[in-house]
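The domain 'G-protein coupled receptors family 1 profile' annotation in TrEMBL covers 39-290. Here TrEMBL flags 23-46, 58-84, 90-118, 139-162, 194-219, 240-263, 269-292 as transmembrane segment.
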Amino acid sequence: NSSDLGPPSFILASIPGQESAHLWMASLLCSMYILAVTGNCVVLFIVKTEPSLHAPMYFFLCMLAAIDLALSTSTVPRALIFYWFNSMEISFSACLVQMFLIHTLSAIESTVLLAMAVDRYVAICHPLRHAAILTNTATVKMGLVAMARGVLFFLPLPLLLLPLPFCKSRVLSHSFCLHQDVMNLACANTTPSVVYGLTAILLVMGLDSILICLSYIMILKAVLRLALWKERLKAFSTCIAHICVVLAFYVPLIGLSVVHRFGKDLAPLVHIIMGNVYILVPSVLNPIIYGVRTKQIRRRILNLI
């Protein structure tokens with residue numbers, strides 16, 4: 001049956017029997033999206049226009065802001081069209097492109113968070129060599145490596161799904177496309193896709209999280225060697241913002257993975273909310289966290305106001 005091959009569209013997840021809730025869901029998503037765009041654009045503008053912020057730490061912050069803008073923009077507008085205009089269908093090709101962008105941008109963000117952890121490690125454990133190790137050129141190269149790493153690891157995901165037949169239900173679990181969600185709708189052997197997807201996640205997000213933990217173990221050892229408590233608190237306080245951003249990224253990621261793995265019997269609303277939290281919460285929180293914790297950025301924001 002040729003209609004089973006290459007489905008013309010998928011159906012985005014809705015809240016069964018509660019279509020009236022689409023309005024408040026759309027309002028919430030729109031508000032969070034506006035906050036994410038405004039906050040990240042403000043961070044980019046402040047770092048660009050303030051010469052004193054032209055340093056590796058703030059360049060990494062700009063990369064993080066650009067990634068969050070791209071990630072939220074690749075998902076939220078389509079979700080808003082769905083909730084506002086009841087446009088439930090998304091084409092197969094658009095779904096694969098959106099899936100690729102979500103996973104690739106998440107991988108790039110994970111790598112940038114690792115680079116920021118390395119920056120904090122060098123700044124605290126080797127302060128005299130920080131300027132020599134993390135130059136502007138090295139920062140740009142790390143950003144390019146993060147981008148290439150994300151693309152190379154996650155480009156095969158949509159390519160593995162492209163030839164599969166889809167003859168099961170076309171209804172997704174979220175208001176956007178994720179690899180595992182789309183893969184579960186295929187009616188062919190998905191073992192290669194499962195194995196590669198798991199391998200890519202472990203080699204990128206899994207490895208990055210381990211290396212970030214190791215870097216903070218070494219930072220903690222260096223901080224505890226300081227004689228005075230004031231010096232210890234001052235040194236470790238420079239890492240608070242980064243730790244909060246790491247938690248804002250990895251906690252929703254782990255929560256979404258747990259829901260996919262063990263939450264098959266959960267209400268559809270749980271899947272929808274967890275998916276939106278994974279996409280939007282880091283994008284909204286990151287500029288707020290750095291705006292509150294970084295004195296230079298906080299001062300410039302107050303001046304702008």
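A Cβ is built for glycine as well, from the same backbone N, Cα and C atoms used for every other residue.
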Segment proximity, the transmembrane segment (194-219) to the transmembrane segment (58-84), 3 or more C-beta pairs under 8 Å: no
PLDDT averaged over the residues of the domain 'G-protein coupled receptors family 1 profile' (39-290): 90
